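Have a look at the structure that comes next, please.
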Amino acid sequence: MAKVVKFDSEARAAMIRGVDILANTVKVTLGPKGRNVVIDKSYGAPRITKDGVSVAKEIDLEDKFENMGAQMVKEVASKTNEEAGDGTTTATILAQAIVKEGVKYVTAGMNPMDVKRGIDAAVEHVKASLIASAKKVKDTDEIAQVGTISANGDKEIGNMIAKAMQKVGNEGVITVEEAKGVETELDVVEGMQFDRGYLSPYFITNADKMTTELENPFILLHEKKLTNLQPMVPLLEAVVQAGRPLMIISEDVEGEALATLVVNKLRGGLKVVAVKAPGFGDRRKSMLDDIAILTGGQVISEDIGVKLENVKLTDLGSCKRVKVDKDNSTIISGNGKKSEIEARCAQIKQQVGETTSDYDREKLQERLAKLAGGVAVIKVGGATEVEVKERKDRVEDALNATRAAAEEGIVVGGGCALLYASQSLDTLKVKGDDQKAGVALVAKALQAPIRQITLNAGVDGSVVVGKLLEQNKKNMGYDAQNEEYVDMFAKGIIDPVKVVRTALQDAASIAGLLVTTEAMIADKPDDKDSGAGGMSGGMPGGMGGMGGMGGMGM
């Protein structure tokens, strides 16, 4: 396949056209008065969204050189979304500003590599300044404010996320699903829940709810199948004498063993429920170990030399309550040692950091949440499917933003944190005029987000930036929703520092590479016109031959 090569200003001009098309489409969504973007789908209704990365992902340009620029900036949005879960529009705007300013300096004859060194030095300096100015999140009100800002001013979403985080903790799992109805609601499962129900409906204790509920039960964890209860008789007698119920979790309970348990339950001799162990293969072993640590018990496994006939009551786990329905089992308030549970959580966290598989990471995080606190589900409602999807995008962004805020703290919102951080660049010392130009262009680019927020609100960004830089209060900012200057912390207009920092870091990383680009190579486009001409010329003659079919003896 033949290639086309472009050099110098011709290459950079094509690249910038692509950057502009993508960034200009994404940046209309920024701020409280940002607009929506409608995306056509090959099936079903179009998608309406304000999520920067969702918009960026849909853009592919026909011109291959322009498309290269667009794809590089798309990478900025994707990377920021991956790391911080929000701030994708800000990252895209910063990348566009750095590229456009950088290319101006390079076109004017400055050395691209030195300009990039200046950009890198400035970004590191600003990141340090942002982290130094961050405040720790103190209460659920601040969590709710972060969620509200990220959900485009929707207080209901902000409050719901704050409530969910309060219930399950920062380590807990919060998932977002589409609801069946119009209302958005929060469903919290406390304790450890896994997707295995009772093995027989005869275990039910609450006929109205079709559930088994046991108070203060012993929990037997067995790795293999139970087919015969003979080895367990001494243990079962000890449980009956203790006057407490029993929950059995094993690979399976079948045949005679299950029948014996059911008969004992029906006769009233033993309150019992049997469920299958969660997961498969190695994951099942890990989850049984998790339950053992949570409940203060031991997994009965012949691998470690423990036989069923030798099990004592001290080998069993226990908890405050278990609740089992036909699909799920929930263990509430396990009696395991707190120090052991924390050590297990730390071990799983380490595995999360080491794994390269997204699927494994998700499963490990689920295990961590079940050990650490619980699971909350936010069910997003709406009048139409399109509205539900748009709302779900905002809930996911808000959820990611609140997690980031809890992790690293918060700074003033509305683009002001970057604006004030740009002032710290006055003290940064670099070598040579070309590197100074790199620092200067970052200082200018840091104004781009607040200018875009004000532009989307129909206000002149230069006036707002000028007013804010004239005064000395670093908490002051511009409330674009109400068009007034306010104390941003007092008004609850705040951003997670992790989101702002990641947006700048990723934008500068890709933009710096684009600024240093001197040549671009792409496949030569097919000459469609000549191909089509050949076809049309050949057709009549070919078709004419078919007239001979009339002479066939049919």
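The backbone N, Cα and C atoms fix where each Cβ goes, and this holds for glycine too.
According to Swiss-Prot, the record shows the following:
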BINDING   Thr29, Leu30, Gly31, Pro32, Lys50, Asp86, Gly87, Thr88, Thr89, Thr90, Gly414, Asp495  ATP binding site
Comparing the binding-site residues Thr29, Thr89, which residue's C-beta has the most other C-beta atoms within 10 angstroms in this structure?
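That would be Thr89, with the most Cβ atoms nearby.
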Highest CB neighbour count within 10 A among the binding-site residues Gly31, Gly87, Gly414?
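For the binding-site residues Gly31, Gly87, Gly414, the Cβ with the most other Cβ atoms within 10 Å is Gly87.
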Based on DSSP, name the secondary structure state of Lys50 (ATP binding site): helix, strand or coil.
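Once the DSSP labels are grouped into three classes, Lys50 (ATP binding site) ends up as coil.
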